[in-house]
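Take a look at the structure set out below.
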Amino acid sequence: MAKMEFQKGSSDQRTFISAILNMLSLGLSTASLLSSEWFVGTQKVPKPLCGQSLAAKCFDMPMSLDGGIANTSAQEVVQYTWETGDDRFSFLAFRSGMWLSCEETMEEPGEKCRRFIELTPPAQRWLSLGAQTAYIGLQLISFLLLLTDLLLTTNPGCGLKLSAFAAVSLVLSGLLGMVAHMLYSQVFQATANLGPEDWRPHSWNYGWAFYTAWVSFTCCMASAVTTFNMYTRMVLEFKCRHSKSFNTNPSCLAQHHRCFLPPPLTCTTHAGEPLSSCHQYPSHPIRSVSEAIDLYSALQDKEFQQGISQELKEVVEPSVEEQR
């Protein structure tokens with residue numbers, strides 16, 4: 001019984017670790033989806049001609065309207081600048097995410113934001129966003145399955161099924177997340193090359209949301225591996241106990257699905273009591289591992305109760321004989 005409790009505690013620990021990793025992955029992926037820091041960089045914008053926002057490099061020269069000398073009565077001021085090459089441009093910071101793209105403004109402090117979906121090519125507009133949303137949805141389903149297994153399930157067979165579904169959902173979520181991240185990178189590169197000319201970045205790099213998304217993918221796959229490990233361990237433990245029963249009773253090899261089945265009807269009654277404590281076990285063969293684990297757990301509980309009653313009987317009988 002102590003061994004069973006240890007195995008149950010070890011399984012609960014693995015389920016808890018898997019749920020924590022899944023919750024961490026879900027939080028990181030949601031934060032990266034809502035962020036506008038996937039890509040950061042600069043935009044090359046022409047400076048206004050000797051405007052107020054230009055720091056310096058402009059000087060005034062008086063010129064006459066009739067083309068004469070500068071000391072005539074009719075004059076105007078002409079502004080000249082000696083800036084050439086990249087000095088004629090301002091490099092403004094920008095950041096872009098799946099929802100918004102924000103650019104620093106030259107006229108006043110602050111930034112101007114617009115929807116990134118409106119900037120992308122129509123053929124690739126919703127593909128990456130849909131994959132990212134499905135990735136988060138599968139993670140949420142996996143987390144709910146693991147949480148149900150951890151908090152509400154005391155049946156080993158039901159817990160085994162929940163672990164299997166959670167593991168499959170986590171693997172699908174991780175693969176879909178990897179595809180979604182790669183798709184968005186391609187969408188951004190296509191937008192940088194084919195998007196509006198007033199938006200195209202001069203240089204760009206990956207932001208913190210990009211790395212957060214890949215950390216989320218790593219946590220998701222780690223949770224999937226932990227859940228699969230837990231599921232495989234439970235199945236192998238059951239098969240090991242099943243094979244030990246074959247060694248104990250070789251006659252069971254012909255019909256191995258009935259090895260754990262007791263007689264069809266067993267009753268424990270006492271004088272003056274109705275036949276209410278009879279236990280009826282199924283006589284049909286076991287068709288799945290989860291059914292076998294359910295039956296094995298029930299038999300273990302029954303054997304434990306019978307062992308306790310036998311020990312009490314051994315303790316009570318000597319005391320009764322001494323009193324006689």
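Just so it is clear, glycine is given a Cβ too, placed from its N, Cα and C backbone atoms.
Residues or ranges marked as transmembrane segment in Swiss-Prot: 15-35 (among others).
Sequence-distant contacts of the transmembrane segment (127-147) (same chain, six or more residues past either end, CB-CB distance under 8 Å): 15, 18-19, 22-23, 25-26, 29-30, 33, 98, 117, 162-163, 165-166, 169-170, 172-173, 176-177, 179-181, 183-184, 186-187, 220, 223, 227. Swiss-Prot lists 127-147 (among others) with the feature transmembrane segment.
Only residues 6 or more beyond the boundaries of the transmembrane segment (164-184), in the same chain, are considered here, and those with a CB under 8 A from a CB of the stretch are 18, 22, 29, 38, 98, 124, 127-129, 131-132, 134-135, 138-139, 141-142, 145-146, 149, 210, 213-214, 216-217, 220-221, 223-224, 227-228, 231. Annotation comment: Swiss-Prot describes 164-184 (among others) as transmembrane segment.
Tertiary neighbourhood of the transmembrane segment (208-228): same-chain residues 14-15, 17-19, 21-22, 24-26, 28-29, 31-32, 35-39, 97, 139, 142, 146, 163, 166-167, 170-171, 173-174, 177-178, 181, 185, selected by CB-CB distance under 8 Å and a gap of 6+ residues from either end. The transmembrane segment annotation in Swiss-Prot covers 208-228 (among others) and rests on sequence analysis.
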